[in-house]
Amino acid sequence: MISYEPPPSAISNPTDPGGTTIIQGDGENDEEEDRDIVDAGFNPSVPGAPGQTDTQIARRLVKGKKTRRILSNKPQDFQIRIRVIEGRQLPGNNIKPVVKVSVGGQTHRTRIKRGNNPYFDEIFFYNVNMTPLELLDESVIFRLFNSGSIRADSLIGEFKLDVGYIYDEPGHAVMRKWVLLNDPDDSSSGAKGYLKVSMFVVGTGDEPPVEKRDREMEDDDVESNLLLPAGVALRWVTFFLKIYRAEDIPQMDDAFAQTVKEIFGADSDKKNLVDPFVEVSFAGKKVCTNRIEKNANPEWNQAVNLQIKFPSMCENIKLTVYDWDRLTKNDAVGTTCLSLSKIAASGGEIEEYDSTGTGSSSLEATTEKEVGFLPTFGPCYLNLYGSPREYTGFPDPYDDLNFGKGEGVAYRGRVLVELTTKLDNSSIKKIEDISSDDILVVEKYQRRRKYCLCAVFHSATMIQDIGEAIQFEVSIGNYGNKFDSTCKPLASTTQYSRPIFDGNYYYYLPWSFTKPVVTLTSYWEDISHRLDIVNILIAMTDRLQSNISTLKSAIQAKLPDVRLAEIWMRLIDQLIEDTMRPMPSLEGKANVTVLDKQRDKLRQTSLKYIQEAAIKMRGEATDVKATLTEIEDWLDRLQQLSEEPQNSMPDVIIWMIRAEKRLAYARVPAHQVLFSKTSEEACGKYCGKTQTVFLQYPLDKTKGLKIPTELRVNIWLGLSEVEKKFNSYSEGTFSVYAEMYENQALLLGKWGTTGLLKRHKFSDVTGSIKLKRESFLPPKGWEWEDDWKVDPERSLLTEADAGHTEFTDEIFENEARYPGGEWKKADETFTDANGEKSASPSDLSCPFGWIWDDDGWMRDINRAVDENGWEYGLTIPPDSKPKSWVAAEKMYHTNRRRRLVRKRKKDPKVSTTSKAALTPQEQEGWEYAALIGWKFHITPRSSDTFRRRRWRRKMAPSDQHGAAAIFKLEGALGTDMTEDEEKKGSEKQTATNVFGANTPIVSCTFDKFYTYHLRCYIYQARGLTPLDKDSFSDPYAHVSFLHRSKTTETIRSTLNPTWDQTLIFNTIDIYGDPHAVAQNPPNVVIEIFDYDQVGKDEFLGRSVCMPMVKLNPEVDIAPKLLWYPVMNSNKHCGDLLLAAELIIREKDGSNLPILPSQRAPQIYMVPQGIRPVVQLTAIEILTWGLRNMKSYQLASVTSPSLIVECGGEIVETAVIKNLKKTPNFYSSVLFMKVLLPKDEMYVPPIIIKIVDHRPFGRKPVVGQCTIECLEEFRCDPYLTKHEDAPELRVARLTSSPLRDVVIEVEDTKPLLANQLQEKEEEVVDWWSKYYASTGETEKCGQYIQKGYTTLKVYKCELENVSEFRGLTDFCDTFKLYRGKAEDSDDPSVVGEFKGSFRIYPLPDDPNIPYPPRQFLELPGTESQECIVRIYIVRGIDLQPKDNNGLCDPYIKITLNKKVIEDRDHYIPNTLNPLFGRMYELSCFLPQEKDLKISVYDYDTLTRDEKVGETTIDLENRFLSRFGSHCGLPQTYCISGINQWRDQLTPTQILQNFARLKSSPPPVFSDNGTRLTFSSKDYTLEEFENNRKIHQHLGPPNERLALYVLRTQGLVPEHVETRTLYSTFQPNISQGKLEMWVDVFPKSLGPPGPPFNITPRKAKKYVLRVIVWNTKDVILDEKSITGEEMSDIYVKGWIPGNEENKQKTDVHYRSLDGEGNFNWRFVFPFEYLPAEQLCIVSKKEHFWSLDKTEFKLPPKLILQIWDNDKFSLDDYLGFVELDLHRTTIPAKVPEKCSFNLLDQDKHSKVASLFEQKSMKGWWPCHAEKDGKRILAGKIEMTLEVLNEKDAEERPAGKGRDEPNMNPKLDPPNRPDTSFLWFTNPCKTMKFIIWRRFKWVFIGLIILLLVLLFLGVFFYSLPGYVSMKIVKPNL
């Protein structure tokens, strides 16, 4: 299918109010193109979020649409670059994070880091080759793991987004943004940290933007720099996707098993051979419904629940219906998508209009809240499209279509779904059943209405695949599909017709005045409330698009401002009128969904904004051109508003069927042909109108190389209740017939039914279905109008002369003899070509409508015959005629014959519609065939054995009249069934339906036709593709219009042919209303071919033009020639300048314009008034020379000359005798006078050919070039200013005022000055200048404060800087091409032409003198020896070449045969090397002009790989007047790092510049502080007014001269950024180089000293950390006595130097979290003060050959641990300090709180490098239950010393010697601080006694008391008894 959009220069057809665009609509394709547009989301809880959050989101919703539509469907090279910079706030304790990044099946990971805020700064490259649409569907997945965990839960968090999201960002890049990580499996979890990343999508020819790494400018506030702004909070939402049911699922399984069941008597169901289930996928998650076996209309009634973070970075919810297979993989039935950007709105879409500055702001701010809504959809059906429905049992060649890859060619069912979104993160099932209440609710959305469709086929032309008869089928859904048995048989197919020749090249179907009609009824939901609005918005969009095209044409044509303002005002007024028109209301509609209401609200609000913005623009705009951007934004917005995601009505599909096989198709969106009773605007664009439809092959691999056919079809679709409205749209008279064929066979010389074999006496057209007259029953509502009649189908019986205007009749004269006898007349004297007996030539008459073109029959001797035309043969029995013939007579020959021919031509007096009277034989209506199934013909032959004739019976409607009666044709006409067949009634019915034999035949008869006259003015083409080996083509064009075509003449050996030809189609009969034809005229299709003498002509391209229709020829409107694109396989292959006009013609042709003049017989030129107006023009050609000419036919190009062609004029240079020695032309200027069009749009190109003069007179074309745009070479020859005069453009070749220049440099500086300079160079160097220029002021030291100047850093190549005009101001470089373009590739470059052109008008009066010549006083063409200095600063983002994702780059310089391979200075393991190298070599220009700088990857064992290369044209830099050979610095310095390096002083350069400008020399005064130049006065004071004067400056006159030079637009001192390219991925950046080149001609003396750009060396520093005390440390252990305690020690290191970890001794038994240490850590490190980064060099693995250098920010990590002797130590907490932004500590521990570590802007920080030392308390933190807690406080002294200070003030680690600066005494720890089992006595004293002493004392007292009591009670009885015995004792 071809869709065509006019170029911006095209104008609208004055008789076509609908514009000039004929586009075959394609709803599914649009959906595919837009389905990748990135969703930016919406958060209803934050409607008024700060900043422009919603606006940014809305722009993401909008902006993808513009870029996506221009994407190719051809696989291309792409490169995705992902840079992982750093992490922040990662959860976990003592983690070792690693990031894995996955894109398109490729995964890369970072190095393992330590800590919760790791710094990675690693870049990954992903090279892919796929189509852009496939690429944009790919996902980028960031996964963060804890590498120290071996558990399954090592995943910390992840983040996903589509590649399409990145592609839609400015520059296709997301730079230095934070992404929020979350747990994909736990919706209740919060943020899992942040990653800062940069992402780029680099396509062919794209330049990735350069990252700016400004530490001061970079925002460390994560929330404000999130990829999704903080105002739109990420929330967990649940998508409830309810999948109710599906219908019309096609057969997917083989019927073999069902057939076996049937054999054994089991039930079978062949209609439901499919086991469907639905797979839902979104953002990497997939959920499947249940499988329902053997059901083509399954009901799942299940809800899929998808929990995601919203707004989502992924766009499409993809639904794929699969057929389950037990043994093989599941087959896809079809795929459809829900695009979030279409079913949700953020509310920011409206705000974007205000941001443009012209929008209105009348709506309240709450409008955003009102129009924003979460994703919602349905209940609504989603249609599935894919491969054809017919099941074959073989692998489906179109299976990719079922996965949504490409445009589906057939309807494959539909799925009823509903989507709702809830702000809920509760864990629920992934899939659950839908409640019965919900199933009942959805019933009202399934109510069906009857729709009627009628399609009238007006023409089918441009057919090239001929053979079998052709018919067309129209279907909508399954209705009308002739191969499907699920619907009633309908009159959905046309009759079979055979194509006939159009007399020139194509074939067409001869429908004449009887047009085939198809009609069908179908049942769908009434969604008119959606489609009415869609059609209204589309009409509005089309009008705006047409008006914009008219406005652009007017701007391009440079119309007066007044006329321009009128066109613009008409556009604005039309837009305001359109947007003010009310939209249809949704009130009262039964099946309105939530999405309908929300989109209606969004549309109403958007239209109001556009309306108010247009009103405001109308009153305020002053510049028409400046408003175009905003108007086009409105157009984009309207196009988005016109999209309808809930379009459940399937497309109308037209199939071209040949031999019962589907050949080609076209899809027409139903809404385009739908009738609406709402209003005329709400009707479809082509409803009831004849439109042009180009069919296309399914999955066409040739991408439109051949058009199957061009259809003109009128389609009407409407509800059955309004079917009578069809009467007002219909034209002609509709006729309905039932038909059958009577068959007979020839048996024993008689015709009868005996030998029919399996054929029936009466059958359908295929002969396979038996029919009887009596069994035909008219459909309900119809009745017979007539009896059965014989009615032959003439369109199937075309003769050989059909369609020809000239034809040659032939007849053979036959003679026979016995061998050796005399020749006599044969029995059958005259026969035709088939050997059938024929009448004699004298008896043959000319057929009706033809006249003889010559006098009589002539012998044909242009064959393999003798001089009399005879050819001879031998008859061998049983044959009666010879099988072969020869030209020479032999004795044994028995037969001879000769061919008699006579030409005839069409009789112009006989109308094409006139027909001859039928003979009696023809009236019988029989058509004959040699065998059953063979092609039929009218005239009987002796070899015929089968014949048939068609019987037809006309029907008429019984209860209603008018064209709408055809919609009653529903159901079968009836068939005859035998008893056996009745047993298989269902199968017979299926077969009948399959062949469609019992459906009525509908046709539309036109009683009247109109004769038109077409003139196609083909003027010229440009930029065609070369298809011949000589680098050119021989183009000619076939021009097709309806059933006629003509061919232009062939133009030899050109890619820019000028045909200047008018093709006249004298009489073309078109049936239908002329006004309808004027509104939608047929297309003029031009196909351009390359003529080849041998082989088939090759297709160059196709162009489509809309003719201007003149219904009133008296109206004096001439068509305008316009450029139309020539397309081949969706590739632009040139342009064609043409116009066409279609004039309604009177019978006698009296109203036609006069014929144009003839250039040759029957070749008419383009007439005056249409052809361009020309003017005598001078073209001066500067032919400077040829470069880099490649060999031709294995021989070098040695003696070339140059030919210039333009407008039919040719000039040629002299021959270069030896190209290698003298590549320049001896005579450099050519002059030619040409008649060129005044309008720049019509100017022909300049063609350059290079001819090599070789021995023996051979002059092959060895290269050619076409210059299409000549406007840049136009000039005013009388211009008095001479800044741009060519003779003034050479500043170097003639810039020496003196022949010898001697520069003497004496070292007269005192010793002290030299010492001062050396010291200064330690403070500032060239890198200081570089970083000051790039804005990285933190790296440049005191450079700016000293008053030094900066240089210019260009982010592109110097020649691409716009103000330097490509450095081609003296001469341009034109690429020369040669050869044939194959496989859609461009021809190869075989050389370069150095030259230029000057084009200016010449006076028409020969007496007026010609203007002065432009190319004068040219420099000499001799060679120049030069010194070249190449400075390589650094590489940026080089393509990795090693397995570790890095490379080892080094520089290789190539200049002709000179090579510098700097392999020894490779830089290991980096993608961003700092080279800092300067190379110097000499060369001769122009022979050695191409300087090639390559970057290679160093490999020890294998061959070094090339990363990429860039090439610099030194000749252009040398010749350019912009002084690009050596950039001018800002100041003139005679010493220091900015010392002058050019050969000439500023005053000398200024004198040369004045001479080249033809200005007076500069005059100095006031001791060189005042200068007069070009009539302007300059003073030194005005340039140095606020500038600091330093000791390195030169004399005042030189400084002033330099300041003046810098005002003249010359190249400043600079560093350019050059992109590296590789042949592996051409046109895709492989990285960049920052560098510059100086070129010094040796004739001017030696240059100044070069710059020293050697990279800086890191300095050694020492960080001393004294850990004094800790406090409030978490008590992690319990002692044996039950006390909480910790054995505290502190561990510390600098990131990158983990192998130098240090730790204190252990403070045992801390009972209150206090620890005393007095311990010193000493961390040596290498540091770059200027860049504020640490340099770490170490081997990544033990097997690594080189150390890898890392640059890391200086940080200190300290951790507090609890010591365990018998288990692993316990981690308690940590603190991480940035030495550049060190948190100011608290002086006392009471003020040391957790707030000190908050990363906000109010934190007090200081640089330790500036403060040198700081002391105080810092808080440590840990994580517990997902929250950060205070883990303790640590008192430290931090001190940074350089190497010298460290040596002067030594200090040892810990408390080792030298223990000084300061001296650390052992800590005064409590007596309880010791290891308990090493000191039992201390354990008893300090642990047991201290805690249990009172227990012990109590126990002793208790023991004594008990002992006393025991003794007492022991001795008491004895004492008592003794007292009793001896009381007196």
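Just so you know, glycine gets a Cβ as well, placed from its N, Cα and C.
Database features (Swiss-Prot):
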| type | residues | note |
| --- | --- | --- |
| COMPBIAS | 27-36 | compositional bias 'Acidic residues' |
| DOMAIN | 218-354 | domain 'C2 2' |
| COMPBIAS | 898-907 | compositional bias 'Basic residues' |
| DOMAIN | 1159-1283 | domain 'C2 4' |
| BINDING | D1442, D1448, D1497, D1499 | Ca(2+) 4 binding site |
| DOMAIN | 1645-1793 | domain 'C2 6' |
| COMPBIAS | 1845-1858 | compositional bias 'Basic and acidic residues' |
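Confidence for the domain 'C2 4' (1159-1283), expressed as mean pLDDT, is 88. Those same-chain residues not listed among D1442, D1448, D1497, D1499 yet with C-beta within 8 angstroms of the centroid of the Ca(2+) 4 site C-beta atoms are K1441, L1446, C1447, P1449, Y1498, D1504, E1505. There are 14 other Cβ atoms within 10 Å of the Cβ belonging to D1499 (Ca(2+) 4 binding site). Around D1442 (Ca(2+) 4 binding site), the C-beta neighbours below 8 angstroms that are at least 6 residues distant in the chain are D1448, N1469, D1497, D1499. For the domain 'C2 4' (1159-1283), the DSSP counts in helix, strand and coil order read 9 helix, 56 strand, 60 coil. Cβ contacts within 10 Å of D1497 (Ca(2+) 4 binding site), excluding its own Cβ and spanning all protein chains shown: 21. Remark: secondary structure over the compositional bias 'Basic and acidic residues' (1845-1858) totals 4 helix, 1 strand, 9 coil, with classes taken from DSSP. Taken residue by residue with DSSP, D1497 (Ca(2+) 4 binding site) is part of a strand. Around the Cβ of D1448 (Ca(2+) 4 binding site), a 10 Å sphere holds 21 further Cβ atoms from the protein chains shown. Secondary structure counts, DSSP: the domain 'C2 6' (1645-1793) has 6 helix, 76 strand, 67 coil.
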